[in-house]
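What follows is a set of notes on a single structure, which appears directly below.
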Amino acid sequence: MSLLELHGLKKTYGPVTALAGVDLSVASGSRTAIVGPSGCGKTTLLRLIAGFETPDSGSIMLDDKPLANGAGAVPAHLRGIGLVAQDGALFPHLSIAENIGFGLGRHAAGRNERITELAYTVGLDSALLKRRPHQLSGGQQQRVALARALAMRPRLMLLDEPFSALDTGLRASMRKAVAELLETAGIATVLVTHDQAEALSFADQVAVMREGSFSQVGTPRELYLKPRDRMVAEFLGEALVLPAMIVDGFAETTLGRLPLDGSGERPALARVMLRPEQVMLEIRPATEAADPQAGALYGEVVESEFAGATSTVAVRLINSPDSPEAAAIANTPLVLRKSGIEAPAVGEIVRIRTIGTAHVLAAG
Amino acid sequence: MGYSTGSYARSDLGATLLTGRRARRRPVSWMAVAAVVVSLFALLPLGFVIFSAFQAGWPTVVELVFRPRVGELLTNTIFLMLLTVPLTAVLATALAWLTERSDLPGVRIWSWLAVAPLAVPAFVHSYAWVTLIPGMHGLFAGVFISVIAYFPFLYLPISAALRRLDPALEDAASSLGLSPARVFLRVVLPQLRLALCGGGLLVALHLLAEYGLYGFIRFDTFTTAIIDQFQSTFNGAAANMLAGVLVSCCLVLLTMEMLIRGQERYARVGSGAARQQPRIRLGRMTLPCLVLPLVVALVSLGVPILTVGRWLIAGGADVWRLDEIGLALGQTLVLALLGGLVATVAAIPMAWISIRAPGWLQRILEGTNYVAGSLPGVVVALALVTVAIRVVPPLYQTLFTIVVAYGLMFLPRALISLRASIAQAPVELERAAGNLGRPPLRALWATTIRLSAPGAAAGMALSALGIMNELTATQMLAPNGTRTLAMAFWNYSGEIDYAAAAPYAAIMVAMSLPLTWLLYVQSKKMAGR
């Protein structure tokens, strides 16, 4: 069942359009990530849901009750939506315990027990409760911010790039911990981030945002493997985008004849996408390329840059199938990121194979 | 106000040990000696108060301190403070909120108009009201005029603090279910505590030290009583004992402020820059809200301008006795510039040490300076009069003594500007200059001194502004025949020749305006805008 429903949300600041009509549906207990480059309007969207700003038009429904409808809006403090901001926004003048208990009544029964319980839930040592925010590390501050928001028992939690201030290692473990915690508590989550890996690994629904509207909304797998257009494809990871002729449900490209995913109407000329991990390189003796097997594709390694776990390898095609654009394309080397151990050296001849299917991108 | 520049200075000391041992240690230790000498000088007034109590002996102290007159003055002072400081705080907070956080039309103008009353000397405020409403006197007149004259001292720090607040905190509070009013009370107000304490202390100290304002409306405070006493019996034990009580009041205030301020940290937790504050839409409340800054501007600027203007018109061309005014102006400028220079030069060693070599010495010196800087001018003047007469009679009523008094009184003003600007000249630059082949003193000249020159100039200007409008110490210490703008104004208005006094008031305000503007711009800059 859908907990949060956004319909046609629009917001402008003077001449700048921050949101140009956004629709989104968030199921209860689910995790949604909104990902996009900075300035795409994702933070504005979050602030509209939280109630810090009102939309120019469109509606926000929580549990089938309107939070904002045109000009009328429920103020932020009456919405009961949790929020964890980028760097925690802890109250510097209050202790950790007072921070966590901020939203609870000051004389509420069982207040102290509840604070201790919340600290335990988010994995905070109870010895920290007496400290001040500036005495805590970045990760601990985020845990306090989460506990403080959880104290209100919200059904929806908004996370505004809460992990971006943390170290790389801590970031991944915090993300996992937060995801598990919110799932256990049955709280639906909307995460805003500019980090695509974070969005893909955190959410069950990802929305890619650009210039105030969603380019595509779907599951992480769907978005990664079947992006609608080139922007979405490249935003979510490295992509090989190839011009292709579509013939009988196959794509004729410089990398040969590739099977396509899905079905349906397709233009005769299109661009298709492969993820670099779909391209396999196999080192072969130079003589084999001089006398290629039928249908086999060979290339020469022109660059190989070692960078620890991965190496970036550039391969120039030797015998590309004769397609109209091939002559021009063949001179542009194929750039792939490969495991550092098996990366071929410069000058080696490789046989190129592809696995899986190619995906046809919409024009534009 | 703590300037956390310890890291520069610590690495500086480390470098001193490692490299250029002789060349770099010498300036620091000379600076330390100079700073200690200046601080000892600054303690002179305090020492004088203690010494005169000892000299008078316990029975005399009891007789002179525990008498109805002192009780009366103490009651006056306490009521004045208890009413003025909270009222000023409320007014300043309301104005700061309107100009920093609401979409009031013309906020920039209102915010400048909230600082501009500083350009009007407190006794000119008093003059303006007394000549407008001759019946004004007593406690309530004192409270009213004090609020008008001193609220900018609270407005400046509060508006700067409001500007620096992280809006994410308020968002967090309202997402936790707090209504806007409760967000203000539980999140915004606690974070204004430092600004409220610091500004409140400054206002309270001014209430203790001011003479002219209360002289006009015949409201007796310790300062007015000391001056009356001084003028009638000259250098009597009674004046000294009153000064002792006045100093005790100051120390009580300093202690109270320290206790209320506490040890808490209010800086933003976390990294990155804070988002810009959104302004709150006043909507239908816009017009009622405009009334407050409008009334304040009318009362604090309109009335002085109106009264001075009215007397100028009434006086016509006759009141502009140019020879007399020119002489007063010249004397005032000489005194202000000399005093400003002395205050700034005296502040250099202390500013240098507090940035480049913080440690136990610097903490003691800063504490000393903090206490000495809060002593009223009347106590400083009384101490210097006594010392001059008893120890070096030829120095009594000389240019030297009055300039020393100005140096002591305005050293804290110079120190704040200097310290901030030396902090902006990191020692790394000095080292880079050394690395590029400059000998130490030339490296110092080419980097730190160049970079801190604007701060020094600002400090000097602010001290000079204070001296220009200074009345109390000038009256008591200036050489015979001295007649500054403030003295001439005071004498004429004392003779109820309000028209003849008006040109002096106008000149003082006109000369203070640019410096007040400087203060306003500096406060905006310090808040990062």
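Cβ coordinates come from backbone N, Cα and C, glycine included.
Sequence annotations record features per position, and here TrEMBL assigns transmembrane segment to B:30-58 (among others). Long-range contacts of the transmembrane segment (B:30-58) within the same chain: residues 64, 237, 240-241, 243-244, 247, 346-350, 352-353, 357, 361, 365, 368-369, 371-373, 375, 379-380, 382-384, 386-387, 404, 408, 411, each at least 6 residues beyond the stretch ends and with a Cβ under 8 Å from a Cβ of the stretch.
Positions annotated as domain 'ABC transmembrane type-1' by TrEMBL: B:74-255 (among others).
What TrEMBL lists as transmembrane segment is B:78-98 (among others). Long-range contacts of the transmembrane segment (B:78-98) within its own chain (CB-CB distance under 8 A, at least 6 residues past either end) are made by residues 104, 107, 110, 114, 139, 142-143, 146-147, 150-155, 158-159, 162, 192, 196, 199-200, 203-204, 207, 219, 221, 289, 292-293, 296.
Per TrEMBL, transmembrane segment is recorded for B:110-130 (among others). Panel annotation: around the transmembrane segment (B:110-130), residues 92, 95-96, 98-100, 104, 136-137, 141, 144-146, 148-153, 155-156, 159, 206, 210-217, 293, 296-297, 300-301, 303-304, 306-308, 469, 471, 486, 489-490, 493, 498, 501, 505, 508-509, 512-513, 515-517, 519-520, 523 of the same chain, lying at least six beyond its termini, place a Cβ under 8 Å from a Cβ of the stretch.
Among the features that TrEMBL reports, transmembrane segment is placed at B:136-156 (among others).
Cβ atoms under 8 Å from those of the transmembrane segment (B:194-217) belong to residues 1, 77, 80-81, 84-85, 88-89, 92-93, 121-123, 125-127, 129-130, 136-138, 141-142, 145-146, 149-151, 153-158, 160-161, 223-224, 227, 246, 249-250, 253-254, 257, 260-261, 266, 374, 376-378, 471-472, 486, 490, 493 of the same chain, restricted to positions at least 6 beyond its ends. The transmembrane segment feature in TrEMBL is assigned to B:194-217 (among others).
Per TrEMBL, transmembrane segment is recorded for B:237-260 (among others). Counting same-chain residues at least six beyond the ends of the transmembrane segment (B:237-260), those with a Cβ under 8 angstroms from any Cβ of the stretch are 45-46, 48-49, 52-53, 56, 60-61, 64-65, 70, 73-74, 77, 193, 197-198, 200-201, 204-205, 208, 222-223, 225-226, 229-230, 370-371, 374-376, 378-379, 382, 386.
Among residues of the same chain six or more beyond the transmembrane segment (B:289-313), those with a C-beta under 8 A of the stretch's C-beta atoms are 91, 94-95, 98-99, 102, 104-105, 110, 113-114, 116-117, 120, 124-125, 127-129, 131-132, 148-149, 151, 282, 319, 498-499, 501-503, 505-506, 509. What TrEMBL records for B:289-313 (among others) is transmembrane segment.
Feature annotation from TrEMBL assigns domain 'ABC transmembrane type-1' to B:329-519 (among others).
Residues of the same chain lying 6 or more positions beyond the ends of the transmembrane segment (B:333-355) and with a Cβ under 8 Å from any Cβ of it are 3, 5, 8-9, 28, 31-32, 34-35, 38-39, 41, 361-362, 365-366, 369, 399, 402-404, 406-407, 409-411, 413-415, 418-419, 422-423, 456, 459-461, 463-465, 467-468, 474, 478, 482, 484. If you look up TrEMBL, you'll see B:333-355 (among others) marked as transmembrane segment.
Taking Cβ pairs closer than 8 Å, the transmembrane segment (B:367-389) reaches residues 39, 42-49, 52, 201, 205, 208-209, 211, 223, 226-227, 230, 235, 239-240, 243, 246-247, 250-251, 253-254, 350, 395-397, 401, 404-405, 408-409, 411-412, 415, 470, 472-473, 476-477 in its own chain, all 6 or more past its ends. Annotation source TrEMBL lists transmembrane segment at B:367-389 (among others).
According to TrEMBL, the feature transmembrane segment maps to B:395-416 (among others).
Per TrEMBL, the feature transmembrane segment maps to B:456-478 (among others).
Taken from TrEMBL, the feature transmembrane segment applies to B:498-520 (among others).
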